[in-house]
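S.K.: A single structure is presented below for examination.
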Amino acid sequence: MILMVWQLAVTIASGTLAGVTDGKMPLIAKVATSVSKTAAALSRAAGRGDGSVIGGWIGLKIDPDLLAHLSSGRAVALVSGTNGKTTTTRLTAAAVGVLGRVATNSYGANMPTGHTSALAKEGHTPFAVLETDEHYLAQVIDATRPKVVALLNLSRDQLDRAKEVAMMAQLWKTKLAGHPEIRVVANADDPMVVWAASGSPQVTWFSAGQRWHDDSFVCPESGHPIERAQGEWWCTGCPLRRPRPSWVVEDEGVIDPRGDWHLVKLQLPGRVNIGNAATALAVAAEFGVRPIEALPRLSRVTSIAGRYAQVDRDGRNIRLLLAKNPASWLEAFDMADQAPTLLSINARDPDGLDTSWLWDVDFSPLRTRPVLITGDRAYDLAVRLQVNQVPFRHVLSFDEALRSVPPGRLEVIANYTAFQDIRAELDRVN
Amino acid sequence: MSTEALRIVWIYPDLLSTYGDRGNLLILAHRAAARGIPVETYEVRSDQQMPSTADIYLIGGGEDGPQALASQRLITDGGLHRAVNQGASVLAICAGYQLLGHSFFAKGAKCAGLGLLDLSSDRGVTRAVGELRGDVDARLGLPPLTGFENHGGRTHVGAHAAPLARVTAGVGNDGQTEGAWAGKILGTYSHGPALARNPAIADLLLRWSTGADRLAPLDDSWADRLRGERLAAAGAV
């Protein structure tokens, strides 16, 4: 398949070089860009995927510096962290869009192949907002020379292969300290993020809350316990403490650095997304966008690669929530209505092969809702729910789940590949 | 602490809780309560004194730095040693398992362990990640062990402890044996919520600490299905 795409792509690319790329790019980068776009289009046409990875993969094979070439001349923002990256990237791209065209990787393809595909596909744009996998942040900073880097949070995720939380924070800290020209927009409520940003001279702090504390009991600087009270936190053994944020979530809105409160009307559920909107406003402000200009654009964002999407089928209104790790499960329970809820768990490669994290989630908020479970690893979840005293019923398929609930809202909370499976059942809803 | 209830201590969750370790505390408390045994659970942080009068102690997995720190503090504190001498049971997982031995490696340096189990650990060439399965020492009378392992250590069990299981899939201590036990102390590389897949080990700890010969059976149909699925998955690799 790949070879076929390659051959076709090279043939087609030879005729379409002139119009698609920046005239200053080296020839090899122009060829790579064109081939990359064509491969992505062919992948989509062949029904093999959304084309968000393969184009970049081929482009980088032809020109290893393609991402750097494609980034040059654009004002770039990178958005990284364990949770909320995809949504915050989408909201940030919408906000920066006030100023002009924005290239963005809106399908969650957040490694260099995805970035390359996204930039190649959009052609020249003055701006780019790129969701960046936390493991690749240092490498992508080198390639894209961003103006702004947004750091959302750091917590445990996919532990059978992910770098441990403190090690990740250290990698971020070292890289950012070596790039004083980058403006950092960082979450004041997460001690790991604050420490990672603490070596940077230009930091704008936002407060979007931290519901998950289990990965930041111990100060990454001194090893002493971290205390928390009334929204503040501080290390008991060194000066590290919560910085004063200039963007703060309050009620259904956000307070900006001038002290003005703005109502945030979103079509996305939950307080978590108000926090994501605050982050997007803070990043956009670094580009000169005012909240009052950005807010109407944020309110038009409906769903992101299926997340929060609502589908009506057989009288049921199905809403899809993605939850990949303990912190995001707590957020999903908060976003979901008191309605029948389907939980689906897989442990395939993209999910991480280990299901231990289920025991870090307190499922008790679901005791008052009818709960159905499914997925490759439903038995792991069954044992967890039994001990958590959450009644549930096991179903073998999404269809069976649908038939088991009365007409009305069905909340679906699933981890990554389980989410994609259900999204495929619903015709790859976006 | 009252004297009637079964007292379970989770050791240093601020340092050693990386992989759903809380699950073992929840499972033991759940299974005791289901038998009508009153339970008190304590989470003892590393800046607190370790009580020596509890019945079961749980120590979990963690990163190198916290592992070394936990070992130092437990040696200085002495509470866990006193508890073991008074007959307490211990379940130790992964990094917690290593630090019960004479020595282990963290961040490239050899560190002193508590010496509660006759074993020592060093670093393997590769990291062991995946399903783990083993036949448990027949003297314990338990069904096969199933777990998920994720560690870079290799552990050598001495003459005064016995391997917990003979490996039939995965790596464990060294590809041959997995975990160790002596008296009422159990250690395993089956990480995180090891008792979720091995409720019989949870009941063994409860029997050790209550003195009961047998416990009322519980509905373990979901755990049995999980065990069947994971034992088969480990065999398939």
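Yeah, the Cβs are placed from backbone N, Cα and C, and that goes for glycine too.
Automatic prediction, not curation, is the source of TrEMBL annotations.
What TrEMBL lists as active site, nucleophile is B:C94. The active site annotation in TrEMBL covers B:H191. Residues annotated as substrate binding site in TrEMBL: B:R127. For B:7-198, the entry in TrEMBL reads domain 'CobB/CobQ-like glutamine amidotransferase'.
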S.K.: Averaged across the domain 'CobB/CobQ-like glutamine amidotransferase' (B:7-198), what pLDDT does the model get? Just tell me the whole number, please.
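M.R.: Mean model confidence (pLDDT) across the domain 'CobB/CobQ-like glutamine amidotransferase' (B:7-198) is 95.
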S.K.: In DSSP terms, helix, strand or coil for the residue listed as 'substrate binding site'?
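M.R.: Assignment for the residue listed as 'substrate binding site' reads strand.
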S.K.: Applying a 10 Å Cβ distance cut-off over all chains shown, what neighbour count does B:C94 (active site, nucleophile) have?
M.R.: 28
S.K.: Taking each of the recorded positions B:R127, B:H191 in turn and counting other Cβ atoms within 10 Å of its Cβ, which one has the fewest?
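M.R.: Each of the recorded positions B:R127, B:H191 was scored by Cβ atoms within 10 Å; lowest is B:R127.
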S.K.: About how far apart, in whole Å, are the alpha carbons (Cα) of the residue listed as 'active site' and B:C94 (active site, nucleophile)?
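M.R.: Cα of the residue listed as 'active site' to Cα of B:C94 (active site, nucleophile) measures 6 Å after rounding.
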S.K.: Could you measure between B:C94 (active site, nucleophile) and B:R127 (substrate binding site) for me? Cα positions, answer in whole angstrom.
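M.R.: Computed Cα spacing between B:C94 (active site, nucleophile) and B:R127 (substrate binding site) is 13 Å.
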S.K.: When DSSP is mapped onto helix/strand/coil, what comes out for the residue listed as 'active site, nucleophile'?
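M.R.: In the DSSP reduction, the residue listed as 'active site, nucleophile' maps to coil.
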